[in-house]
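Enquirer: One structure is given below, represented as structure tokens, and several questions about it will come after.
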Amino acid sequence: MELNGLRVSRETQERLQHFAALFQKWAKTINLVAPSTLDDLWNRHIADSSQVFQIHPKPVIWADLGSGGGFPGVITAIFLAELQDGWVHLVESNHKKAAFLRTALRETNARGSVHSSRIEDAHAEIGECGAISARALADLDGLLEYSAPWMLGEKDCRGFFHKGRDYLREIDKARGRWEFDLLEHSSAVEQESVILEISNLRRLV
């Protein structure tokens, strides 16, 4: 099996397939993603989320903010299971979604845990991390504010944020409040979309 042109092991493929089946089951009763995207679950959500680990395939500690239906946090945790190292802390305040995330992690033997708390309170629970991820959560300025407890003054902590066609406007807005190093990774799944890799975050105002 390949995702975004990269080979995926049989074990990881089986975990992803089991996650997809669980997701479809739970999505009948919980609004995990926009219903219009369920028919394209593999490409729109699983392959898209896989890009984060494919960009940064290292066994680090992740904080996945506003995890929702598990994208990209559960997908990253599934890839880490193959490495048998690293961990994903999934932060989701909605208790029904948090229950789904716990079930998904347990049944796929993924390397992660769920914190059903507000993002603003999560740093005290999680501690330091090597990477932050978020998808469909907030604009870049908001994401940097959420990520600041982990990233400010931590040169080795990187943020990986999915963004759509308006990402340049979001970058311009964020530069009014923050300084940061930026790498733009073009999406292999969505035309005009990117994953923004942020490091060396500094607050201006």
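Quick reminder: no glycine exception, Cβ is built from N, Cα and C everywhere.
It should be emphasised that the depicted structure is a prediction, and the values quoted were computed from it without experimental measurement.
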Enquirer: Check Swiss-Prot: it lists G66, F71, I119, E120 as binding S-adenosyl-L-methionine. Then name which of R106, R111, R135 it lists for that same site.
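Expert: According to Swiss-Prot, the candidate sharing the S-adenosyl-L-methionine site with G66, F71, I119, E120 is R135.
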Enquirer: Sorted by position, what residues of the same chain at least six away from R135 (S-adenosyl-L-methionine binding site) have a C-beta under 8 A from it?
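Expert: When sequence neighbours closer than 6 are ignored, R135 (S-adenosyl-L-methionine binding site) has D48, S49, G68, F71, P72, F161, H162 within Cβ distance under 8 Å.
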Enquirer: Would you work out the biggest C-alpha to C-alpha distance among G66, F71, I119, E120, R135, the residues that bind S-adenosyl-L-methionine according to the record, and give it in angstrom as a whole number?
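Expert: Farthest-apart Cα atoms in G66, F71, I119, E120, R135 are separated by 20 Å.
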Enquirer: Fewest other CB within 10 angstroms, which one of the binding-site residues G66, F71, I119, E120?
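Expert: Counting other Cβ atoms within 10 Å of each of the binding-site residues G66, F71, I119, E120, the minimum falls on E120.
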